[in-house]
Amino acid sequence: MKRVDFESATSYDIDVQAQDMGPNSMPAHCKIFIKVVDINDNKPDIGINLMSQGDRGKEDAAYISEAAPLDTFVALVRVEDLDSGLNGEVVCKLHGQGSFKLQKTYENNYMILTNVSLDREKRSEFSLTVIAEDLGTPSLSTIKHFTVHVLDENDNAPCFQKGRYEVFRSENNAPGAYLTSVLATDPDLDANSQVSYFLVENTVHGSSISTFVTIDPSNGAVYALRTFDREDVSRISFVVQAKDAGEPSLLSNATVVLTILDENDNPPVIVDPQLWNLTADVPISKYTEAGSLVTVVRATDRDTGVNAELTCSITAGNEEGFFAMDPRTCEISANVSLDTFPREFAELTVLVSDHGSSPQTTKAVLKISLYENMEGHVQVLDQGETPLDASLIIIVSLGAICAMLLVIMVMFAARCNREKKDTRNSYNCRVAETNHQHHPKKPSRQIYKGDITLVPTVNGTLPIRAHHRSPSATPPMERAQMGSRQSHHSHQSLNSLVTISSNHIPESFALELAHATPPVEVRYYRTHNSPLSLSLSLSLSLSLSLSLSLSLSLSLSLSL
């Protein structure tokens, strides 16, 4: 016999025949109708169609991008129950941490949708459970599980462990020396998480950072490209960039500060007194008293810290103990009065050393020269005084002298200018004749030898006035011309004494115009040097003196 199954047949028709065992019995027939009553003997059935199912080799897994927006479709769910009535009515539920939701579409069909924004870096997969339960008594249910994998997107930039790296390395390193490493991580997957390192271009002391350091693109190791010298570059700051291989790529930056530590690689340098071939002359008074300052040795060291702390000492030349030197201040003073010093000079060998682990030293010879001071016992300059005071006095004095010379030059030029103006007021024969010839209304006139008479003078005066010739001795034509000239010049006043300069007429003679009305006396004297040439000569001399004075003051100031 087979099991009655409502889902196979809901009813049965049975024909029944009854017959006794007697002879010639007559059978009786009846028909039995059997109706099968359903019981809740079937569980609901769940069918799930997953998004991208099978693309990655797993049939029970769905794949969705982490960049998917809300309500993105994940899977289609269909539930079915073969029972009838309430036994066939199914309620579907979804369990999945609230990141997904189940939405009914029609009848027994449902959709699974995203309920929140996904982040693969926080959670890369979800296990979802679909529960289908009928309404029978007792109810039957079906549970089905599947996995949702969140696909990666390049939504995360590389992240450095530290935003600022402090690195300390000693100077005098070898080129190629390892300095430090930077590390950046990217929580994305595959190419999105592959990080490469680069240097951001900038300059250090005018040179590209790529000439100082380099970085391994694959692991972020930083190496030196040159030997560092703290005295040239004490601090190098540069930016390292981490970049992933995603599309589009993302990047981030970190700052690396490289501090160059000092090594004792520089000896002290004596800057005062000035050395020449490691020797300096120090003149002092022979009458310097005990305890007085002789000189101060000033030295510098390019190193830092204890490597730049200096100590001074006298190593030779002070066997008698006439001098003492403070090791800290490097002041040399007289132990006794130097008038008892047996020689005219002393040569002290001074040693300046630093406090480095391997001390660097510098030696110098100071030649202490003793000199006499006839005006009294003059002490050496105090520590606060400098030779600049003496040079300043000399410069001021020379400046005053130059100013006086300039004033004298200006006064002399003004005087020469006045004399020149006075000279312009005197009558000049050549100028008058030229103006007369160019005058449009004046007739032309010839001057004959007889018109000029040379008269001997005594001390520049005319003892005897020369008379012009009588009219009777003059030719008629000349008398006519003379009358014309006299009438033309009758309105001119020519009584002034005219001074002319010539190198061809002797000093003892004067020149008189014979036919002038009134007669004009002409006195002559030779001038060897004009006021203008004398002024120019004096100006040139004063300018030369001024230049020499300024050059002398500048030389003295530089030497002091």
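Every residue, even glycine, has its Cβ placed from backbone N, Cα and C.
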Among ranges 256-278, 532-554, whichever one TrEMBL labels transmembrane segment: 532-554
Residues of the domain 'Cadherin' (64-160) by DSSP state, where helix covers H, G and I: 4 helix, 52 strand, 41 coil
Secondary structure content of the domain 'Cadherin' (2-46), with strand meaning DSSP E or B: 0 helix, 18 strand, 27 coil
